[in-house]
Every structure is written in C-alpha cells, then in structure tokens.
Amino acid sequence: MLLLQIILLLLPVICSAGDRKPRHYEINLDEPPSQRWNQVIKDHLEYLPGVVEETKKYIPKPLQPFVWWAASKIDRYFTTEIQEELKGIASESGLPIGEIVGMNILYDVAAFDRRHIFGLGCTSIVAQNSAGQIIHGRNLDYDMTELLKNITIHVDFVRNGTIQYSGLTFALYNGVLTGQRPGEYSVSLNARYSGAYIDNILMEFYTKFKRPVSFFIRDVLENQATYTEAVDAFSRTHLFSPSYIIVAGIKKNEGVVISRNRWSAANVYPLNVDANQWFLVETNFDNWKKQGDDRRITAIQKLKELGRRNFDEKSMVEVLSTVPVRNNLTVFSTVMVPGLPDSADYFRQSTWILP
C-alpha cells in the first residue's frame, strides 16, 4: 500500500483542475445477476434517455429497423448471466430491453468501413521500462464525448469479497472495453475499420450473436488466468467485428497488439525489448501499413523523447496528456500496471475523466 501511495503522489499535475475520477462501484458476482447493476442505474437515471437517443443517431438509417428489432430478440443467445444482467438493467432503468441490448452491441454493429463510421477512436500504449515493469496507457475517444463523461464508471467485479477483475465502462453497459485482471494482465480495445455493413451482419448471424466484443473481453478477464491464456483467446475466437486488442502482462515482453479480423488475428505485434522495441502504440490503423495518424506519430515521438531508462507511470500520463493524443473527443485516460502489488487500487486511482 505504501508503494501505491508513493506512485500516486508522483502522478504529474498534467491533469487539469477540471479533471475528475469516475464513480466507483463494486459489482458483486455472488448476487443475482438481475440485481447487480441496480445502484449504477439509480445513480445515472437522469442521463440515460439522452444517451439512448443520441446513440440512435449513429446507427445508419438503413440499419436502424434491423438493429432495434434484432436487439430485442437476441439477448437469448447471450449467456444466462449476461441475459439476466441486461434484463435487470432494463427493469431498473425503465427502458426497453431492445434499447439496452442495442447499446451493448453498438460497437459490433457500427464497426464498419471508415466512410460510414462515427467518431470513434482510441490510443493504447504498452511500454516496458528498463526495470522490466510493464505499463499500459489508454485514452478512449468517442464522438458522444460529453454524454459519456457523465456515465463513465470504474467497476470492480467481486466474488467472495475478492476483486476478480476490474473495468472502465458506462452505465447501461455491462460489457468491458478497458479492463485488468489484477496481478496478471490488462486489456484495451481500439476500433479497427474493415469491411462493410453486410460483413458484420453476416458474422452476427454466423455466431448467433454470442460474442459481442465487450462481453467477450469481460469473459476473458473472468476466466483466463494468465497473459498467455488471454492472448490466445483474443487471437483465436470468432467475433462480430474487426478490432485491435491490446494486452499487457507482468513479465518481459508481455505486451502485444492483436489486429483482429472477424475470424481471428490478422496480425500479432509483440514487444521485443532485445530488439529495442520497448513500446507499442496503437490508434486505429494497421501498424504494418503507412499512415499519417497524428496521435500515433506524436505518441511515438514523446515516448522516444522520454526514453526507456526513466520511463514510469508518470511518463505514461505525460504521453497520454499530449495533444493530439489527448483531444476534444477524449472521454477518459487511464494507466494500468498489472504487475503492481496493489494494481487494482492503482487502476482505480489512475483514471481520470477530462473536463
């Protein structure tokens, strides 16, 4: 605990006075699933109708009838636990189950080609410093920035009084796009643009809607105990839509960017400190293709400027806070260090919502 306190004191005052921490909740996995999210919903009722209405604007009109009809029918394909959680959220919020399910599969429906995608992006960074510590930084950028800031929450998923895994997510959303299994690994998801509407729809039917990516990440965090197991699951499993899945572990070279198509990994790009590849930067572009993304270029320049020898959690915050890595669409920033003895506490304390 003393080490955690020292590290937190060293976080720079790059976070402006308007930055704030997300609300923290414990989701008790020993409770009936239909009751787990009740307090979260009660605390955010005033924001929920606006979020749902805004979400509808980002579903292309040709897809809207299918999406909302299908969303009201497909929860039966999810695990029983997820089904019951969704029904509980719908009941507590007073919103139709179709709208709740639709919110939770929005990424999977909308992750199509760049010409039609709404403003969705992220920056994920994994770095190994000279002491061997693995540090995972993440900015989540999203077009509904102001609305999402009001419903961003930090959740510890607890069983038998012990934190099993943690995640940054949103009220109404029981999946996870940014998370950590304490003492083992952390994960973040970035959008990857590949294919067209019909490709996602066909894959959804093929998988019988069983694997929305946010539910899958949560499942991996709960059931895959190690970095190696998690990377294997993230690389091999069929998913609805393309994505970049970034994973950080606790041992040498345990950091990877998995560029996913719908079937499996299209590319796996790991840390390799022996070849001086001590950091990985992923935004929303394939790392093996030429591209001019200013966020990625700036992050790489900043990492090289700071250097590996003295790189630490404070340094990662500095990279995440540099414009345009941090930009007008950034909802929150976080730093995860899964190898810390108090990694769950650190994750909770090292997340901030931008003003």
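The backbone N, Cα and C atoms fix where each Cβ goes, and this holds for glycine too.
Here the Cβ of Cys122 (active site, nucleophile) has 24 other Cβ atoms within 10 Å, regardless of which shown protein chain they belong to. Cys122 (active site, nucleophile) falls within a strand segment according to DSSP. The active site, nucleophile annotation in Swiss-Prot covers Cys122, and the record cites similarity to another entry as its basis.
According to Swiss-Prot, the N-linked glycosylation site annotation covers Asn150 (among others), on the basis of experimental evidence. Residue environment of Asn150 (N-linked glycosylation site) contains 15 other Cβ atoms, counted within 10 Å of its Cβ in all protein chains.
If you look up Swiss-Prot, you'll see Asn160 (among others) marked as N-linked glycosylation site. In this structure, Asn160 (N-linked glycosylation site) belongs to neither helix nor strand by DSSP; it is coil.
Within 10 Å of the C-beta of Asn328 (N-linked glycosylation site) we count 10 further C-beta atoms, all protein chains included. In this structure, Asn328 (N-linked glycosylation site) belongs to neither helix nor strand by DSSP; it is coil. The N-linked glycosylation site annotation in Swiss-Prot covers Asn328 (among others).
What Swiss-Prot lists as signal peptide is 1-17, and the listing cites sequence analysis.
If you look up Swiss-Prot, you'll see Arg138 (among others) marked as site 'Important for enzyme activity'. The Cβ of Arg138 (site 'Important for enzyme activity') lies under 8 Å from the Cβ of Cys122, Thr123, Ser124, Ile125, Thr178, Ser188, Ile246, Leu320, Ser333, Thr334, Val335, Met336, each on the same chain and at least six residues away in sequence. DSSP assigns Arg138 (site 'Important for enzyme activity') to a strand segment in the three-state reduction.
Annotation source Swiss-Prot lists site 'Important for enzyme activity' at Asn284 (among others). A simple way to gauge crowding: the CB of Asn284 (site 'Important for enzyme activity') has 21 other CB atoms within 10 angstroms, across all the protein chains here.
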Cα-Cα distance linking Asn284 (site 'Important for enzyme activity') and Asn150 (N-linked glycosylation site), given in Å to the nearest integer: 25
Cα-Cα distance linking Asn284 (site 'Important for enzyme activity') and Asn160 (N-linked glycosylation site), given in Å to the nearest integer: 38
